[in-house]
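Notes follow the structure.
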Amino acid sequence: MVKVINLKWEKRLLTNRNARAVALDTLIRVLEKDSYSNISLNNELQKAHLSANDSNFATRIVYGTIQYKIYLEYQLHDLIKTKLKEIYLRPLLLMSAYQIIFMDKVPNRAVLNEANKLAKQFGKVNSNGFRIVNGVLRALIRRRPILPTLDNLPFYLSVKESVPEWLVEYLLKHWGAERTASILSSINEPAKNIVRVSQATNLANVISEMNQLGFNPQESTLNLNELIVSHGGISKTSLFKNGEITIQDEAASLAVQAFDFVGNEQVLDACSAPGGKTVQIAENIPQGNVIALDIHENKLHLVEQNCQRMKVSKRVTTKALDARNADQAFAAGKFDKVLVDAPCSGLGLIRRKPEIRYNKKLTDLTDLQKIQLQILDHVCSLLRSGGELVYSTCTITQEEDEDVVKIFLKKHPEFELKPFKAAKMQAPNGMLKILPDSYGSDGFFISKFVVRG
Ligand SMILES: C[S@@+](CC[C@H](N)C(=O)[O-])C[C@H]1O[C@@H](n2cnc3c(N)ncnc32)[C@H](O)[C@@H]1O
């Protein structure tokens, strides 16, 4: 494999070795102990006190290794001739393979040297782990990356895009070979840095300030108040701290825009944490109120923090409640609008959260469908006649999206789908599905209902 070697990078990497140890510690937790990547990485970064560059380097190794786990395992599989007994070995081989194959600026000999040292540091006394690591990585460097043959398309795509085979088969069944390949390659692209500008703020002023700060904001294709910025770090700006902008995907924010607001409504946000859409609803109803539920009491402080920062707290009340009990807690017909942004498989978010792909299985889709339908069953009576119900998910599966709509309508013939316009998007049949390759946004589903007149 030919790599362009940047000597400045090499020197920096060799003098700052801790980044890789942080990455390895994190990956041991995530890959061998099923911990969450963001929590484990934050904990390890906090302990290590790395420079900003080294933190970025460790972060890239962790997320890249997780993102390409299946692909990397395939590269290493026939090079590993012995049982990997020590817990650090598999994560170390995977993260080293990631650097060799994907990080062009990192010289292979730096990867080898550092892997060697980490093997000695993490291995037991008298362990021969460093020899295994050395042998496998040298063999990998000699050989080019490989892929399975195309004869078995699901397996080929599973390895190539590092997505479990069941999910590839699912996509193939629903969208065919060409679209599946497009969806899969798009979810491995870097996620956009995207912000939503508060409706209480002047968009032109925000754009001008972002330009001054070097964020080079660009218009979103989907949405009016969303801006794509050139790089991360926006949450450190005063625009963010003062509640003029928030971080919200351009497809996700369409769900609230599917409502036709008057401005004084009573709204129920049935599944609200961390509160992105609660804030957005509150911005639309200067004389109204939102009740924001979540089953997990410990997540409600995120909703409250978000509302406070975005200066809409006065119009929001949070309440820990299983939405499946909402019809016992509130009077029938109390609300003008109800949003069910349901718990779901989250498969529309794979680009942002690479491990989602490994945590889900086919049966989850129907298990989640049951919960989604139960929530809808128990909130729909809370809507006043003429009120609007929006059901949305951050997934793209038929079971959790169109099938939920179909089953709900069958059980509740008093409801019908309502065509809607949300920012730059139209949903003439009352449903809008955005696949991750359509606009480079999250995959998202929105449906809107009204009580039949
Ligand atoms: C997709 S997230 C909501 C995201 C949120 N609407 C936003 O825009 O920030 C789904 C939320 O539903 C909550 N949840 C799951 N089951 C629930 C239930 N039975 N009742 C209420 N909330 C539930 C989860 O804790 C999670 O916070």
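Any Cβ shown, glycine's included, is placed from N, Cα and C.
Annotation source TrEMBL lists domain 'SAM-dependent MTase RsmB/NOP-type' at 183-452.
Annotated S-adenosyl-L-methionine binding site per TrEMBL: CYS271, SER272, ALA273, PRO274, GLY275, GLY276, LYS277, ASP294, ASP322, ASP341, in sequence order. Other C-beta atoms found within 10 angstroms of the C-beta of CYS271 (S-adenosyl-L-methionine binding site) number 21, with every protein chain shown included.
Here CYS394 (active site, nucleophile) comes close to ALA252, CYS344, GLY346, GLY348, LEU349, ASP442, GLY443, PHE444, PHE445: these same-chain residues lie at least six apart in sequence, with C-beta atoms under 8 angstroms from its C-beta. Summarising the annotation, TrEMBL assigns active site, nucleophile to CYS394.
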(Q) Using a 10 Å radius around each Cβ and all protein chains in view, which of these binding-site residues has the most neighbours: ALA273, GLY275, LYS277, ASP322? (A) GLY275
Q) For LYS277 (S-adenosyl-L-methionine binding site), what is the secondary structure by DSSP, using just helix, strand and coil? A) helix
